[in-house]
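Copied over from Swiss-Prot, here are the features:
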type: COMPBIAS; residues: 40-75; note: compositional bias 'Pro residues'
type: COMPBIAS; residues: 83-102; note: compositional bias 'Pro residues'
type: BINDING; residues: SER255, CYS256, THR257, THR286, THR315, GLY316, ARG338; note: D-glyceraldehyde 3-phosphate binding site
type: SITE; residues: HIS283; note: site 'Activates thiol group during catalysis'
type: MOD_RES; residues: SER358; note: phosphoserine
Amino acid sequence: MSRRDVVLTNVTVVQLRRDRCPCPCPCPCPCPCPVIRPPPPKLEDPPPTVEEQPPPPPPPPPPPPPPPPPPPPQIEPDKFEEAPPPPPPPPPPPPPPPPPLQKPARELTVGINGFGRIGRLVLRVCMEKGIRVVAVNDPFIDPEYMVYMFKYDSTHGRYKGNVEHKNGQLVVDNLEINTYQCKDPKEIPWSSIGNPYVVECTGVYLSIEAASAHISSGARRVVVTAPSPDAPMFVMGVNEKDYNPGSMTIVSNASCTTNCLAPLAKVIHENFGIVEGLMTTVHSYTATQKTVDGPSKKDWRGGRGAHQNIIPSSTGAAKAVGKVIPELKGKLTGMAFRVPTPNVSVVDLTCRLAKPASYSAITEAVKAAAKGPLAGILAYTEDQVVSTDFNGNPHSSIFDAKAGIALNDNFVKLVAWYDNEYGYSNRVVDLLRYMFSREK
């Protein structure tokens, strides 16, 4: 290479260096910075021929430094795979065996058909005893009138709780009770409200066939609050243990008078034996009687004014005792006097005894039963009482020791009081609870 070529080559190199100016100025043009030209190399041997090449492209920008690696997770020494696993904890002691599964008890729910004297008092007693009433049916009473009739009672006083109606329901102490106005029991939707036990209080559907309409519409059981011509009859404290839940869906709670007489007759017969007897009930007037004289084709005397007269009447209460105490079948009969009092009646049982006994021995036997097996059903008093003293008494029968008399040790007259409304309604509810207990 000639000296001229060497010079040209150096010029080219200098030009390339100027293109890559080391100064910090951002301009791409040749900058005014002074160029330091290196001295020409010493030529010992002629350099090889160098062909002129285009300037190389600028080097790519260096890649951004990689992000620092995340710090290794802080692992407990015993979590390293290399570390041996800790010994397993000892197994816990076996749990105690679970209690045997019990079928949950179905709650006793009650429906009432007929919101008359007994229907309303059955509702009161259910509220007092914590039994849930789910429905009341009465074709002649709407919910607003039900509130009035239940809240105010001329005989038993005003209901002490809260009573109102809301959305077509009767609400008693915040308990919502469905109300219906169905004339036919088959139309009452018992099945849609939990298949309750139904209390038949109308006095109309007394036979098994008639009361079966409630079963057809979903009632679980039916208790008729009157003597029935063919349904099994039960008096609490006397024969309720004969109830058979497998075959008896419709039963009768007998009459209020039978509920008074039967417990007393049971005690006397078991202790002394009853050869025969006559019963008279002096009975308060009821809703079937007339306030003033009126027509009564089947019972002419019964059509006379209830407030003005003592009215002789028939009753099947004494004969019904033979149904609940079979040993007394055919040994008792009786009659009634309807008198001008609104509530509380009294039974006079005059009987001949098989086993001679003094009157004091008889009273002691009744007193022992009232404190023992018949507690809550039969009561005993020696006080000088009158009828109004028993208004609101929940017992079926209250024996009046001072009112009875004996002709001799085999012939006696025994007296027992009863609230023919409230006492009877308590036994209706007791029978419902007993029947329900037999289903468990």
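Keep in mind that glycine also has a Cβ here, set from the backbone N, Cα and C atoms.
What Swiss-Prot annotates, mapped onto the structure for a quick look.
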| residue | record | CB count, 10 Å |
| --- | --- | --- |
| SER255 | D-glyceraldehyde 3-phosphate binding site | 21 |
| CYS256 | D-glyceraldehyde 3-phosphate binding site | 28 |
| THR257 | D-glyceraldehyde 3-phosphate binding site | 26 |
| HIS283 | site 'Activates thiol group during catalysis' | 23 |
| THR286 | D-glyceraldehyde 3-phosphate binding site | 16 |
| THR315 | D-glyceraldehyde 3-phosphate binding site | 21 |
| GLY316 | D-glyceraldehyde 3-phosphate binding site | 16 |
| ARG338 | D-glyceraldehyde 3-phosphate binding site | 24 |
| SER358 | phosphoserine | 12 |
- Query: Any idea what DSSP makes of GLY316 (D-glyceraldehyde 3-phosphate binding site), helix, strand or coil?
  - Reply: coil
- Of the binding-site residues SER255, CYS256, THR257, GLY316, which one sits closest to SER358 (phosphoserine) when you measure Cα to Cα? THR257
- Note on the structure: Taking only the CA atoms, the spacing between GLY316 (D-glyceraldehyde 3-phosphate binding site) and HIS283 (site 'Activates thiol group during catalysis'), expressed in whole angstrom, is 13
- As a whole number of Å, the Cα atom of HIS283 (site 'Activates thiol group during catalysis') is distant from the Cα atom of ARG338 (D-glyceraldehyde 3-phosphate binding site) by 5
- Once the DSSP letters are reduced so that anything not helix or strand counts as coil, what is CYS256 (D-glyceraldehyde 3-phosphate binding site)? helix
- Task: Determine, for the D-glyceraldehyde 3-phosphate site, the additional residues of the same chain whose CB lies within 8 Å of the mean position of the CB atoms of SER255, CYS256, THR257, THR286, THR315, GLY316, ARG338; present them in sequence order.
- Result: THR281, HIS283, ALA317, ALA336, SER345, ASN420
- Query: Among SER255, CYS256, THR257, THR286, THR315, GLY316, ARG338, which the record lists as binding D-glyceraldehyde 3-phosphate, how far apart in Å are the two most distant Cα atoms?
  - Reply: 16
